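Here's the structure we're looking at; comments come further down.
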Amino acid sequence: MEQNADVKESGSGYFRFIIQKGASQIALRRFSDWDAVGRAAATAAGLNVRKDTEFYDYIANITEKTLFDGMIMVTIILNALFMALETDYDMKYKLFGFFAIADEFFMAIYTMEFLMKVYVNPGVYWKNGYNVFDAIILVISFVPMFADGGDSSAMGTMRIVRAFRSLRVLKTVSFIRGLQALVVALFKTMKSVVYVLGLMFLLMFIFAIIGYYYFGDPNTGDPENWGDLGCALFTLFSLVTVDGWTDLQQNLDDLGMNSSRIFTIVFILIGYFIFFNMFIGVVIMEIQHATKRFENEVQSEREASLTQKKHAIIQRQKNEIRNLIQSQTGNFTKLVQQFNKSLRHTDYTVMEDLCTSMSFIDIYLTTLDHQDTTVNKLQQLYSEAVLILSDLLEEDLIEMEQKALRERKIKMRA
């Protein structure tokens with residue numbers, strides 16, 4: 001108490017004492033998880049506290065950089081290029097060892113990426129479906145390295161497994177958010193697409209039965225295309241995709257079944273122009289919705305980033321003011337002068353007014369565009385009015401001149 005009293009009597013020291021105590025209390029309340037007391041409380045509560053904080057921060061800083069994602073993207077592109085070159089038998093025979101070393105190099109990079117991301121935040125990593133897909137591709141890619149390919153049947157299996165290496169190209173979806181939005185849209189359309197495909201299958205089943213009984217007779221019909229239910233469904237699939245339907249119809253015409261044209265036209269109208277286009281329309285609508293949602297998310301992230309920058313600037317200015325107050329020993333005028341010296345021309349002007357919001361700026365710019373359009377239309381109207389008035393004035397002048405000329409002639413005759 002005596003020490004506090006001495007501090008209070010010391011003028012500026014008392015002010016500095018209040019700020020220091022208040023700041024310490026705020027720091028203790030807000031950041032207690034990072035001091036000794038907070039760590040003890042977290043340990044008592046059963047929470048995991050990392051002991052390798054420096055190494056963890058180093059790895060997290062690497063994985064969060066754009067350069068890291070760019071390096072993985074370049075690796076995926078080079079890997080796809082090497083897989084394409086490997087399909088050439090002569091080049092693969094000549095550079096077999098080089099391709100093997102390159103594949104191991106790519107696998108090392110993918111494994112390093114996997115381990116680093118799992119180390120930084122394993123819980124969040126496994127909750128992301130794209131990360132799980134990347135891990136599955138990585139496991140499949142490791143199978144040919146540890147499998148024994150001595151048997152001929154095993155060799156065939158290894159070729160199939162090695163073919164799955166092409167799935168590595170799909171890792172690009174994890175790094176491009178636009179592709180992620182499209183993938184999500186395709187998955188969301190599955191429910192509506194299943195309904196449309198179900199109706200189309202019922203339609204094809206009905207027409208397949210009808211086609212079997214009308215055109216599937218072994219003696220007078222076309223048993224090759226309509227001889228059983230499977231052939232009839234495959235033929236109708238060709239009709240619904242409008243692929244080679246003229247050849248199918250020509251076969252029926254050659255057999256003298258001219259009435260089959262009605263069957264073909266009706267099925268194409270219903271199956272292709274209605275159901276098939278309905279299927280495409282459902283997919284396009286969902287992709288449009290997904291694109292709109294993606295744009296809204298990007299806009300929200302931009303606004304959040306601007307808000308974060310604004311709070312950082314305000315916090316920095318508050319800290320500078322606090323430091324000036326703590327170190328101030330003179331009057332208030334010197335305090336303001338020292339604070340002015342700490343301001344930078346590159347600082348943002350942080351305002352809370354309505355006129356600084358993005359919504360107001362958009363509305364204001366739109367209003368200005370409307371005003372410009374209105375002014376242009378008014379100028380056109382004014383110019384047209386001036387032209388009309390000038391024409392009327394010119395007609396009046398001509399009429400007045402003619403009237404004066406007639407009066408002059410009358411006076412001369414008199």
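In case you wondered, yes, glycine gets a Cβ from its N, Cα and C as well.
Copied from TrEMBL, the annotated features are:
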type: TRANSMEM; residues: 66-84; note: transmembrane segment
type: DOMAIN; residues: 67-293; note: domain 'Ion transport'
type: TRANSMEM; residues: 96-116; note: transmembrane segment
type: TRANSMEM; residues: 128-147; note: transmembrane segment
type: TRANSMEM; residues: 168-187; note: transmembrane segment
type: TRANSMEM; residues: 193-214; note: transmembrane segment
type: TRANSMEM; residues: 262-284; note: transmembrane segment
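Per-residue pLDDT, averaged over the domain 'Ion transport' (67-293), rounds to 83. For the transmembrane segment (168-187), the list of distant contacts is 69, 72-73, 76, 79-80, 106, 110, 130-131, 133-134, 137, 141, 283, 286-287, 289-291, 293-294, 298: same-chain residues at least six beyond its ends, Cβ to Cβ under 8 Å. Sequence-remote contacts of a segment are chain residues at least 6 beyond its ends whose Cβ falls under 8 Å from one of its Cβ atoms, and for the transmembrane segment (66-84) they are 99, 102-103, 106, 109-110, 113, 165-166, 168-169, 171-172, 175. Sequence-remote contacts of a segment are chain residues at least 6 beyond its ends whose Cβ falls under 8 Å from one of its Cβ atoms, and for the transmembrane segment (193-214) they are 221, 226-229, 232-233, 235-237, 240, 257, 260, 263, 267, 270-271, 275-276, 278-279, 282-283.
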